[in-house]
Amino acid sequence: MLQGPGSLLLLFLASHCCLGSARGLFLFGQPDFSYKRSNCKPIPANLQLCHGIEYQNMRLPNLLGHETMKEVLEQAGAWIPLVMKQCHPDTKKFLCSLFAPVCLDDLDETIQPCHSLCVQVKDRCAPVMSAFGFPWPDMLECDRFPQDNDLCIPLASSDHLLPATEEAPKVCEACKNKNDDDNDIMETLCKNDFALKIKVKEITYINRDTKIILETKSKTIYKLNGVSERDLKKSVLWLKDSLQCTCEEMNDINAPYLVMGQKQGGELVITSVKRWQKGQREFKRISRSIRKLQC
């Protein structure tokens with residue numbers, strides 16, 4: 001679970017809440033790479049961190065000491081936002097080589113990430129983590145991994161076992177920056193069921209979606225249509241299919257947001273999100289539009 005202010009790892013990414021979950025990963029202390037004999041297990045479809053990796057089987061225990069798939073799933077989700085931040089094209093490869101190390105039937109030895117792979121990812125991603133107050137964890141220090149050889153996972157340029165650099169993920173439709181005029185804003189407000197000014201308390205990932213829990217005392221209601229006060233008391237909004245796209249618009253857990261959306265199947269689904277910046281011309285226009293809203 002991703003916790004509120006002061007602990008987000010890089011939500012759509014990047015904001016303090018995910019790092020709160022990442023802390024759980026660091027509590028294993030120093031990893032011991034001399035594990036008992038590993039077993040090959042199919043990579044589950046709900047291991048979103050390694051979705052699309054080009055091998056089917058992983059070793060348990062893994063290189064982080066997780067002995068059950070439940071542990072892997074609980075800890076891996078916190079790192080998805082770091083991958084989506086695209087601080088390095090091989091971030092997923094590096095993390096998956098630890099969370100879900102490749103398992104080959106004819107090889108008993110666990111294949112670790114190469115030292116150079118770790119160094120490259122650390123050099124690019126550690127500053128991103130540091131910006132949110134979290135240092136690169138000791139358990140991932142690159143000196144723990146072997147120098148480049150045939151029995152370690154190298155950078156994409158020389159590796160054929162794991163996928164090469166992926167295309168940059170698309171921007172989530174709800175998070176696209178649209179330069180709307182007043183009429184466009186009015187139309188957007190009218191076609192949605194709710195418009196709220198919110199602050200985020202907590203964020204979690206469920207399957208392909210993002211569940212956003214609101215700070216109840218920091219919520220301003222601008223419009224409700226078919227949405228009851230009871231619906232809002234749940235203080236839960238959803239950003240659908242968000243693990244397949246990025247949302248840089250929503251990358252600060254401490255910022256207020258204007259969100260609009262629709263009620264779908266009993267859930268409040270976000271269709272538009274904008275960071276609320278007091279005094280910004282666009283939000284003055286939005287405020288005027290809300291005050292004279294007539295749908």
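Placed from the backbone N, Cα and C atoms, the Cβ positions cover glycine too.
Annotated features, as they stand in Swiss-Prot:
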| type | residues | note |
| --- | --- | --- |
| SIGNAL | 1-24 | signal peptide |
| DOMAIN | 35-155 | domain 'FZ' |
| DISULFID | C40-C103 | disulfide bond |
| DISULFID | C50-C96 | disulfide bond |
| DISULFID | C87-C125 | disulfide bond |
| DISULFID | C114-C152 | disulfide bond |
| DISULFID | C118-C142 | disulfide bond |
| DISULFID | C172-C245 | disulfide bond |
| DOMAIN | 172-295 | domain 'NTR' |
| DISULFID | C175-C247 | disulfide bond |
| DISULFID | C190-C295 | disulfide bond |
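Checked against C247 (disulfide bond) by C-alpha proximity, the disulfide-bonded residues C50, C118, C142, C152 yield C50 as the nearest. On the 0 to 100 pLDDT scale, the domain 'NTR' (172-295) averages 82 in the predicted structure.
Of the listed disulfide-bonded residues C96, C118, C125, C142, C172, the Cβ environment within 10 Å is emptiest of other Cβ atoms at C142. Annotation note: C142 (disulfide bond) sits in a helical segment as assigned by DSSP. Between the CA atoms of C114 (disulfide bond) and C175 (disulfide bond) there is a gap of 36 Å, rounded to the nearest whole number. Minimal Cβ crowding within 10 Å, among the disulfide-bonded residues C50, C114, C190, C245, is found at C190.
Comparing the Cα of C152 (disulfide bond) with the Cα of every entry in C190, C245, C295, these being the disulfide-bonded residues, the smallest distance points to C245.
For the domain 'FZ' (35-155), residue counts in helix, strand and coil come to 50 helix, 13 strand, 58 coil, using DSSP.
If you measure from the Cα atom of C125 (disulfide bond) to that of C295 (disulfide bond), you get 47 Å.
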